[in-house]
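**Student:** So Swiss-Prot lists these for the protein:
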BINDING   152, 153, 154, 155, 156, 157, 158, 159  ATP binding site
């Protein structure tokens, strides 16, 4: 087959214009390979400008690139390795391994631009996805094949929560996880990789990184690379896959940079006019089909804490559940620091989770909400000024608050406490006993950092016998 060869005619930062022979223009989203100075630069066709010229976005550095250099049309989009051979490896946006462990034994190579599953193939996300983490399973349950937004500032435990989820799906469900670092700090990616190696989770995980120092084209496409690898496990192997994207805001930010470089007129707050379309193209591919499911957990940075900013606001429309991590809760020493009143889930509905789960979850939230309202009175006047009924609510709320904490497997080395995976039925039973007053005689410290309610009983009875 004869190669379709063009020549570089203009370079503006990461944007490269290439002229091809008349009638031989490569299609939009095709990968173009540019060979110069012993390097290969891959760019992606973004626009047809007329005069047989295409405008491409480079996925690597254009340093040293000159006009007149040959550019070869590969005839299709970027293709990345998929299959079991990708597990335990680290890739860049082009699907090239960056962990110095040699070639990848790929089952196949798939293009990163693919259509979302058709309407007939999709299955609505109404089945609960058990994470083994009490606060999530009870108050903001994840849907199998759903999309979850993880909101939180620096140092409240986003990465630890992500690692625990990866560990739980690997050991309890035997499933695979794909972690995609989009515009991430390289140091954080390195920490994650080292911690995964230590905890043994790496064998069931694929890591894909497009860091902060990469050109915007790479940061914009790296999420699609990770998603394509996840789609293989869903569509061919019929697996339930977990896809982590950290951070979805950086994906939008990279799209905004590329949009400006391509000369598009910016929209609200300077974002790209194609914002909703770009986010939709990614999110619509993350779904359950008749074969398997992709459940995605997406860390979301909120610029200036403004939830009405177009980036988080557009992402919200796609989410099924939100897990909000709170600094106030972390300061109390309660981990995971999930805010039980701010976190929400679309499937916390009696028709999906059942009457008992719904009743227990809502009662727990009512008690915590009432405790929050009473805190000002307690701070000023003390506990003695409360009515007996309110005192009881405060005592139960403090037990609930502590019982929402849980020792994590991935944090064993730091806490010295063995991790706990709590089944959903045990979670519901435990909180039901607290709200029904069956645990009123047990002091609150026994509820801190335990798994099931049976552990609370055991520890209390052991101490009583000791006395």
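Every residue gets a Cβ built from N, Cα and C, even glycine.
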**Student:** Can you list the residues of the same chain, besides 152, 153, 154, 155, 156, 157, 158, 159, whose Cβ falls within 8 Å of the ATP site's Cβ centroid?
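**Tutor:** Other same-chain residues near the ATP site: 325, 330, 337.
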**Student:** So if I measure Cβ to Cβ from residue 159 (ATP binding site) and keep only same-chain residues at least 6 apart in sequence, which ones fall under 8 Å?
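**Tutor:** Set apart from residue 159 (ATP binding site) by at least 6 residues yet with Cβ under 8 Å, we have 188, 191, 192.
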**Student:** Within 10 Å of the Cβ of residue 156 (ATP binding site), how many other Cβ atoms can be counted across all chains shown?
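**Tutor:** 23, counting other Cβ atoms within 10 Å of residue 156 (ATP binding site).
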**Student:** Going along the chain, which residues six or more apart from residue 152 (ATP binding site) have their CB under 8 A from its CB?
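**Tutor:** The answer is 158, 299, 324, 325, 326, 337.
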**Student:** Under 8 Å between C-beta atoms and at least six apart in sequence, can you list the same-chain neighbours of residue 157 (ATP binding site), or say none if there are none?
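**Tutor:** Listed in sequence order, they are 325, 330, 335, 336, 337.
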**Student:** Three states by DSSP: which one describes residue 158 (ATP binding site)?
**Tutor:** helix
**Student:** Long-range neighbours only, meaning 6 or more apart in sequence with Cβ under 8 Å: which ones does residue 154 (ATP binding site) have?
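**Tutor:** The list for residue 154 (ATP binding site) is empty, so the answer is none.
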**Student:** Tally every other Cβ atom lying within 10 Å of the Cβ atom of residue 155 (ATP binding site).
**Tutor:** 11
